[in-house]
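Enquirer: I have a structure here, written as structure tokens, and I will follow up with some questions on it.
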């Protein structure tokens, strides 16, 4: 990819005649679109009958786009297999956890582990890659579309064999599986791998170990499909490969992007819930460190389907989204989609042009985005997002554990977004990182809602702490083994010793009257909690009411030059929120976190480092209420070069500013 | 049918012994019942084993009824096939959209497209018709019972072939289908009709075109079954044929009644929601213009099943229902049902006699109904409902579109009843009409919630407007093609030009802050909206807040001697209700609507025209709070002949009055 | 069983290694555990491959337990068949009412009517019984676990044949079935028993008769399985046999315990809803009169699974539960379970030790229970619960009727617990009794929510009334026949005559404005009601508003020396509650009920009779708010021998007292 900021859109030229195509391209130029994503669902256009592959339409479109200065991300169309691949082949179809067999007419209806599917997917991808892989203007590839967005693990007979094979690889012997899963319980024990079923319908619940393993199997399978597809493309093309993923799908993004070239995501968060938008930027930046991520899909106005449409974004918000995405490291900000569908089921979804070719309510948003892109591009191409001192671990493995064991409806993504939102509101610059993160250069490490903490992770985190870092463990972290069973040596296993505590009780706090006191404030404690006696650690938060008064729910333990902080229970409600902020504030200080501003809640400050080492702040108001941030002495407006008065700088509703700090800052 | 008003009931003599039958008939006479409906579910009584048909019980019952002066509507029993027709024949059973195969023991469990079913249905109907078709007292036929009340389209293998055949008839070539449905999207394209599936389980949504077509196929199939059955009966009987339908079922009533002889319906609306009762009267009157409709089923007290019973009607309400039904054109007002079931699943349903033969709480209601019938009969037999100047189009095709594309839970029936309720409350006499209505003599035409407006309809409506009529289009009208795709020339296609507007944006208004101003008032605008620039039309309502201020949501355009009014968005809440009423009031005036009274909301005035041209008003209080209406000079009480003082006439709770206006009025 | 009070726990030694087993036993001794229940789900441990049975682990464990003074209840493991019994045998699996076939991995996934299952269950049970049946320390047997807790009737093909066979046995001829079920309705009639389906998916509802019969068939089948299993055990062991049942399961407990040796139950009611706990004690005591019941499972703290955990019991509540259970006749109070599971799906469930072997929050509860047990044991072993003068009939047959016909969500268990709670709060000592109860010695008989009242019951109840008892019938009692059809002679059949009333109307009162007046107070009447004219009876409660004012909803009729009270409608809300209490108070007085105290609501007084005839009161505060009861003259503290002052005695939060009344009291 060339060094520029991209402003892009998904586009489906296969659905329209040539006059529409030409009109669309002209309007793209008018809106400043410089990259389009095509081919995503076009398998039946490319291969209308089995074996008759013709991708010349896309070659022609790419040529035209290139002539107009618009680059292309080409997609493989494997999310929507043509009818000839599934007709009269029910055995190739996806089967859900109730045994319902999917049918043709939507997407993701095929089993992605099916051999015939894999073969035909390989052939179409090879055809596309070999025909288009070296075309001018081609700057990247997207595999498939939104893996596992609509479906989770497949329960077909073929997947059953693969699942059993996967278990054999993992456990070696059936005895090992029985032991790992504690399968003697409820006579679940197996004699042979061939007996292990899918976790399908049962009168009561399947075991945690089996359920979580099955999720992992499914996530591994789809990642392998991605690997296989990427390998085909790379035989014919040097353009980098990605996938438009999401925190919402049934995938392990860390694993998925491991062997892809760059990270990209889709998001449709509401303006009101802008932290759910920003967490993606701070997360996907970290799947491929040092490489810009793409926001591959977001709406220019509102999402929607024939089942309903979301509230359109307020005027100005989409440009704020774009400024924030670019500032936080995005190489591209792309819409879904350019021209409203005339058919299918997503006609009510926002687009930039209507089905009849006129600007929609998203059009002016696109113009504002393009304005922001043009203004920011020179500054952003000459700088990098500052590496955050604060790292919040986000794990799709943890998400799988909590999907298996949600207790009272605990939702990993929601809980993590809440946690993230506190850092954001407190002006703490943060990286949201996968488990396999490098901790070099970090000061504050947060691992909430991580039921299983691997030995490897513990090793890295302890080294980090010994070097002076502060590691805050919990809430709800460490109580499960890799096999999703309960620890049998101690409630939190090895973590207790490392944190200088002994877990005395681990129990459900909701409704039990538990009140915690810490940092001079009190708050109810909830969810599943673990409470401690200190064995070396100091108690920082103590239960003052409920079933176990006097025990600690928050402790700190000096390790080398750093601290292990153990948060055993979740402070709840508004008081809990205040307590969590006090905790984060306190330990950010302890850790010496400096990448932090006093921006009012709702206003983002994205710090960046220029190639000469100077620091830029991209300031973006995200909540539509405007905000302020205190500017240090010697700051200049990076766009105009004019000095910016020290003190409070106001940012208007959805506005953005870029300031350059004095070098010695 | 002889010229009289009928007071009737459903009755199941096959379930009881002769003494009960005799007792029931005696009590019917006491209550003034003059018609009964029998045979509805009695297939296993008539044909206990395959081929052994004996309908003599019903002949005997009809003879007895006739002797007692009670007429009969004979039913075909095809809604409840006997066990011998389905036992060990799963392929004959109805399959729902999740693939679940229905079983024996309830009703509508068979596939009505199944050939063996059709053959056996033809044989039993032929036997009934040939045996009973010329019996004295037989005044009509009812086919089956409540077609598609419990089920929608069948997803069996046989229906799959018929569906494919139906598509072949409709589209000719698969290419035409692919183009019509825009099936290139998501690689939905088909190579052959044999590949098109039912819209069964998929990971995400099926296309609008396919879903809506499948609903139409199902509605066409059941209508064809009705045609087939009616044809059999007509070979043996001159009595007219109907079906007890409803706005709630999965049928196209306009098509269904096209080839039946008279219209009838079932309703179980609560007293509180009396507009949902009255809309049926104003609608079913118009399926067979010039012919009285039947209210074939309503409860004498409460509806119910073993899953729960509704609130019993307040004392007096059932008689008000009957008076209103007769006044609005009903030939019959009939109960479901006479004697409480002792078995089955509807034991808690209201009836006139209990299972032990005593009067229920519905008994006095029946006596009051009979009193009303006797009082009104002479006046009503000598008059006809006045043709309304105001026509509100009600379309089961539109209902199918909105079932496919409900957006945020939009419910066609609910929305239409709301719209209807405004006309009712404003005292505007109205016809609720099918799409294929004659507009001769109309002044105000309303087509809300009609996503697709056919060329034919547009032609008729434009001619109507040119002749001086006012046509109010929308909200939510015209944005879809016949194939349930989006228009590609303009948001509302040809309608824009005809209405003198250009749709600038079409987008979801809910939550977007849209406020409209019209008729000196403001209201929030909601649902999916289309907003305009005027190109010839005048703006009547303008957006004053939200994403698109300054554009119009309500316009009027002079066409010939009339007006085309375009309402692009739905005014919401109480303020929206006031705005809609102001709009209706304004355009009723513009259109010169005179069939309108100032009756207080909750009191119905049904205008009728006597054979000598004089006008009667049947005034009925429906809301139980009593009401008033201003009476013009020279009015007399049509029942007593006494003058009625001009000015405000009070009508008591649930009371009815009939007044005759001075001829020159 | 030896004469002692048991303090027990479920335990799963097969899941742990020997060191854990020894640690567990040591801790059991520390907590005073004197009985454990083992083997419950251990089939795959006992018979890891088909036919290779080895129960020596359990023999070894029992030997060790016995050496430590701990008795054993041995279980059959049939709730969790091993994989070899179902793998590749879908025909052996349980099928739900939607046709979904269950799979291995949870429990109750097999069809308990399957022949192969029955054979293998017989073999494993025989092996266990023959090996362990005479071991020292073995004091009882538990069959299976929580029959029909997770599943209801099985809908497999084999069950279909059994169901048809069962019907053949019940009805003899298909004509009799058709007549009994009123199957002519909706052409449900059958020609042969082989045609009768399961009540599976249908477009609308199955008939009440069929649904209720199917529930009865299923309840009979599981009871027969229990009989069969018990018979096997008895061939090898003299220890008594029970099952851990519940009011929540799909079983007929009266029938189930008929041929078992003692009654036991599981309960997990919340502390807040303590009447739902106590009703079990008062009910299960009466399944095997004269024999102590067992509380086989309750949590030492909280229930839970990976789907969520309940609120842990407040400190002190579990000991109050134990004191109450023992006082009300329990021989045992047992936990589920001893050591937290490390795997499976119930890891969050409360236990006494954690998975890592430490005391949980339940540990001190267990110590408090043991303290109570030790304190109470001498007094309770020397006394028996007083037979209550007040009997409240609780019928799983009635529950089945109401499951078939719930009307507006009426829930038998909830309604009965509400009724029970009133007696409890009023200090009236009560037996909750099955239908087949002996009424000798009773004074007040209550039969609310009993849709069908058998001839046998009527005979016994009338004899009871004639001897001077007061029988309160209703609400919602007597309106259905044995076949779950409506009566055809009178709304309440024979009961009307016996109660000296004639039911005039039977209809849904909710929302109808019905207000009843009785005992000087008014209350809304709701649910389905029957209202009367008196024919010999006196009206005690009259409708003063609604559709049927002036009729009675509450009557009394003198019969011999007693009274038949007919309550036709349910007084609702707070006012209704007050009216029901007034009614119970009045008729308790009429009946001469003396086993009653003025204990404040929330404090239980369990009266017991010592072997020398003196009366003990065990007083337990259950609501955690403390309470008082008036103590008569001459009372002594039964634990200390000290006099207790007459007058108000205070009982602290969750505390218990035992007092001995003066003999002449």
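Including glycine, each Cβ sits where the backbone N, Cα and C put it.
TrEMBL does not curate its annotations; it predicts them automatically.
The active site, nucleophile annotation in TrEMBL covers A:297. Positions annotated as substrate binding site by TrEMBL: A:107, A:145. Marked as Zn(2+) binding site by TrEMBL: A:111, A:154, A:156, A:159. Summarising the annotation, TrEMBL assigns domain 'Glycoside hydrolase family 42 N-terminal' to A:11-372. The feature domain 'Beta-galactosidase C-terminal' is assigned by TrEMBL to A:605-661.
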Enquirer: Counting distance between Cα atoms, which of the recorded positions A:107, A:145, A:297 is nearest residue A:154 (Zn(2+) binding site)?
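Expert: Among A:107, A:145, A:297, A:107.
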Enquirer: In whole Å, how far does the CA atom of residue A:159 (Zn(2+) binding site) lie from that of residue A:145 (substrate binding site)?
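Expert: Checking the Cα atoms of residue A:159 (Zn(2+) binding site) and residue A:145 (substrate binding site) gives a distance of 21 Å.
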Enquirer: For chain B, give the subset of the binding-site residues A:111, A:145, A:154, A:159 whose C-beta is less than 8 angstroms from one of that chain's C-beta atoms, in sequence order, otherwise 'none'.
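Expert: Listed binding-site residues passing the 8 Å Cβ cut to B: none.
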Enquirer: Using the CB centroid of A:111, A:154, A:156, A:159 as the Zn(2+) site centre, which other residues of the same chain sit with their CB within 8 A?
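Expert: The surrounding set, listed in chain order, is A:93, A:94, A:95, A:112, A:113, A:114, A:153, A:155, A:157, A:158, A:160.
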Enquirer: For residue A:159 (Zn(2+) binding site), what is the secondary structure state per DSSP, taken as helix, strand or coil?
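Expert: Once the DSSP labels are grouped into three classes, residue A:159 (Zn(2+) binding site) ends up as helix.
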Enquirer: What are the DSSP helix/strand/coil residue counts across the domain 'Beta-galactosidase C-terminal' (A:605-661)?
Expert: 0 helix, 31 strand, 26 coil
Enquirer: In this structure, which of the binding-site residues A:111, A:159 has the fewest other Cβ atoms within 10 Å of its Cβ?
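Expert: Candidates: the binding-site residues A:111, A:159. Fewest Cβ atoms within 10 Å: A:159.
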Enquirer: Across all chains shown, how many C-beta atoms besides its own are within 10 angstroms of the C-beta of residue A:154 (Zn(2+) binding site)?
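Expert: There are 27 such Cβ atoms around residue A:154 (Zn(2+) binding site).
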Enquirer: To the nearest whole angstrom, what is the C-alpha distance linking the residue listed as 'active site, nucleophile' and residue A:111 (Zn(2+) binding site)?
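Expert: Residue A:111 (Zn(2+) binding site) has its Cα 25 Å from the Cα of the residue listed as 'active site, nucleophile'.
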Enquirer: Measuring Cα to Cα, how many Å separate residue A:111 (Zn(2+) binding site) from residue A:145 (substrate binding site)?
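Expert: About 15 Å separates the two Cα atoms.
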Enquirer: Fill in the CA-CA distance, residue A:107 (substrate binding site) to residue A:156 (Zn(2+) binding site), as an integer in Å.
Expert: 17
Enquirer: Let me know how many other Cβ atoms fall within 10 Å of the Cβ of residue A:156 (Zn(2+) binding site).
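Expert: Excluding its own Cβ, the number within 10 Å is 23.
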Enquirer: In sequence order, which same-chain residues at least six apart have a C-beta under 8 angstroms from residue A:145 (substrate binding site)?
Expert: A:40, A:41, A:75, A:79, A:80, A:107, A:244
Enquirer: A 10 Å Cβ contact count, applied to the recorded positions A:107, A:297: which residue has the minimum?
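Expert: Least crowded of the recorded positions A:107, A:297, by Cβ count within 10 Å, is A:297.
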Enquirer: When the pLDDT values for the domain 'Glycoside hydrolase family 42 N-terminal' (A:11-372) are averaged, what is the result?
Expert: 98
Enquirer: With DSSP assignments reduced to helix, strand and coil, which class does residue A:297 (active site, nucleophile) get?
Expert: strand
